Amino acid sequence: MEASRGPPRVKNKAAAPVQISAEQLLREATDRQEEALQKPTQRFEDLEELHEYQGRKRKEFESYCQRSGFNLKNWLQYAQWELEQKEYARSRSVFERALNLHANKVTLWIRYVEAELKSRNINFARNLLDRAVTHLPRVDKLWYKYVWVEEMLGNIPGVRQVFERWMEWQPDEAAWSAFIKLEQRYGEYDRAREIFTRFTMVHPEPRNWIKWSKFEEEYGTSDRVREVFERAIEELSKYGDEFVEERLFIAYARYEAKLHDLDRARAIYKFGLENLPRSKAMLLHKEYTTFEKQYGDREGVEDVVLSKRRRHYEDLVRENPKNYDVWFDYARLEEASGDIDRTREVYEKAIAQVPPTQAKRHWRRYIYLWIFFALWEETEAKNPERARQVYDTCLKLIPHRTFTFAKVWMHKAHFEIRQGDLAAARKTLGRAIGMCPKDRLFKGYIEMEQKLYEFGRCRILYEKHIAYNPANCSTWVKWAELERGLDDLDRARAILDMGIAQPVLDMPEVVWKSYIDFEEEEGEYDKTRSLYERLLDKADHPKVWISYAQFEINIPEEAGEGADEEQEQPVSDEAKARARRVFERAHQGFKDKEMKAERVSILNAWLVFEKTHGSAEDIEKIEKQMPRRTKKKRKLDDDTWEEYVDYIFPADEQVGKNLMNMMAKARARKQAEAEAAAKAAAADDGGESGE
């Protein structure tokens, strides 16, 4: 059963030794084919037999035509047979009868005309062609036949008359081209120009105008060629930009370049690039680039590149006017070109695209357009008055009640300083702080006054800044650094003390560290210890304890009279003892609070300290206290389990073992007492039974 399924399998798939080709198969089939029967040749002995034969054939044709009159082939065979019999009248009658049924068949008209021409009935053929083009005026083949007949007869006015009749129907481009070529053959160039005029009105495609320009280039003058191109651009512009194509400008510019009128060619290229959409001017720009490389200089080539990029950016901002990144690139392009008027125009168009909402995220990129515009007016255009106007307009535009931009205020103030008007700069920043206070505005204003060495103004500004935002740690630190730089340590200490006393700070560790570093650098070690103790009361963190221990180590000892201050002094035993006491306090505190992770951090730092400053016994002592890591599981609120890392300390483990031993001894003692009591009770029961 399985062997019978499917096609038979070929066991030997190798090529046969004798190959049979398709050509061989066809040749054998042809050789074996029997010869077809040939119709015997018919001979007529006299006219009577001929007439009999003709009558019989006519009856057959008539029968065919009556049965299938809509079959044009029967009529054509009938008419052709009558022509072979030299019966022209009968043939003409057959054609006319066929036309009554098939008046729209072009083939019938052509065969009828050719039959009359073969019979040398020229006037009959002309009449037929006239009837044909009148009945089927949209069939170009009949018109071409009519024109050919008249031209073969040498009737050029008649040909021209036929063409005129034809052109009234506004045929396709090939018919107009044939009419023009007729006039060219006979040297009637003015007539050809007149035909071109009508031709371009009916078919105003650019290719037809280019044909006209080539005609004028061959038979006319350069002025006529220019007139054709200019007229083409003017006429096509009336229909809209979609009818104007880049190849028209390319042909015009190439012609001018051929005449070595490079300025005119360059102007044509630029005109085309400015008036055509970028999507339709890719080839034009490529041709312009090639032209500049061939005939222009470096400036010309750069102008081509700038023109291409300019068109690209114009298309992008036309599609999305709120794409500020494109405006940035567009403005930089114009800045690189050095055209002040064009650059200013681009910036003005860009800043006119105000964000539609008052959300600051929509304004972040937009505001840089104003800043770049003002900087360009100041540095490149050398017009400070216009730059000031740009800043003022920008500040009026920003909704300061909702948000503000400190960078704009700062740029305006720096601009006024560069112009030598310090009062205007202070007025600008004062107005900014009064209208919309902001940390960055205070910071910039203070930095400006510091550079001017106006420290009294800096103190006033710091006071206002603290009143505005007392939680800003950077303000406290910077103010203290200013006072320390002015050698007013008491004021700096008071400022830092006020800073750490604030109930809310964004980064309190910064103020504490600055205060501690300040006291340490000034050599006030007791005050530094006091600060550490105060900090530990607020934040019991391992990092604070480690920093505290490092501080105790780094306290320099009082050097003798002959000691070199620059030479590094060894750490004293007293400093090591102080540091160890700090570590012991930290370790014991975290141990009491059962804070294992913090306890491990302290032990690691303590071990590093002992490896650096301690002995082998000290290191061993700390290593014995180091815990071992173990993985445990705990149940969560959603009845799932998670794995976590726990630390087991040797001291805690020993305490646990001792506690277990004590509990075991207590259990054993209780069990012994219970057994003794049971034995005593049993003895009492036995004595009573004996009595």
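A Cβ is built for glycine as well, from the same backbone N, Cα and C atoms used for every other residue.
Annotated repeat 'HAT 1' per Swiss-Prot: 52-84, in sequence order. Counting only same-chain residues 6+ beyond the ends of the repeat 'HAT 1' (52-84), those with a CB under 8 A from a CB of the stretch are 42, 44, 90-91, 94-95, 97-98, 101-102, 105, 107-108, 111-112, 115, 118-119.
The average pLDDT the prediction assigns to the repeat 'HAT 2' (86-118) is 86. Annotation source Swiss-Prot lists repeat 'HAT 2' at 86-118.
Taken from Swiss-Prot, the feature repeat 'HAT 3' covers 120-152.
Secondary structure counts, DSSP: the repeat 'HAT 4' (154-185) has 25 helix, 0 strand, 7 coil. Annotated repeat 'HAT 4' per Swiss-Prot: 154-185, in sequence order.
Helix first, then strand, then coil: DSSP counts for the repeat 'HAT 5' (187-218) stand at 27 helix, 0 strand, 5 coil. The repeat 'HAT 5' annotation in Swiss-Prot covers 187-218.
Outside the repeat 'HAT 6' (220-258) by six or more residues, the chain places 189, 193, 200, 204-207, 209-210, 212-213, 264-265, 268-269, 271-272, 275-277, 280-284, 287-288, 291, 295 with a CB less than 8 A from a CB of the stretch. Under the heading repeat 'HAT 6', Swiss-Prot lists 220-258.
What Swiss-Prot records for 260-294 is repeat 'HAT 7'.
The repeat 'HAT 8' feature in Swiss-Prot is assigned to 304-336.
Look at Swiss-Prot and you will find 420-451 tagged as repeat 'HAT 11'. Helix, strand and coil residue tallies for the repeat 'HAT 11' (420-451), in that order: 27 helix, 0 strand, 5 coil [DSSP].
Marked as repeat 'HAT 12' by Swiss-Prot: 453-485.
Annotation source Swiss-Prot lists repeat 'HAT 13' at 487-521. In terms of DSSP helix, strand and coil, the repeat 'HAT 13' (487-521) has 26 helix, 0 strand, 9 coil.
Residues or ranges marked as repeat 'HAT 15' by Swiss-Prot: 574-612.
Below 8 angstroms of C-beta separation, residues 65, 69-70, 72, 75-76, 78-80, 124-125, 128-129, 132, 135-136, 139, 141-142, 145, 149 of the same chain, each at least six residues beyond the ends of the repeat 'HAT 2' (86-118), sit close to that stretch. Residues 270, 273, 277-279, 281, 285, 288-289, 292, 296, 342-343, 346-347, 349-350, 353, 355-356, 365-366, 368-369, 372-373, 376, 380 of the same chain lie 6+ residues outside the repeat 'HAT 8' (304-336) yet bring a C-beta within less than 8 angstroms of a C-beta in it.
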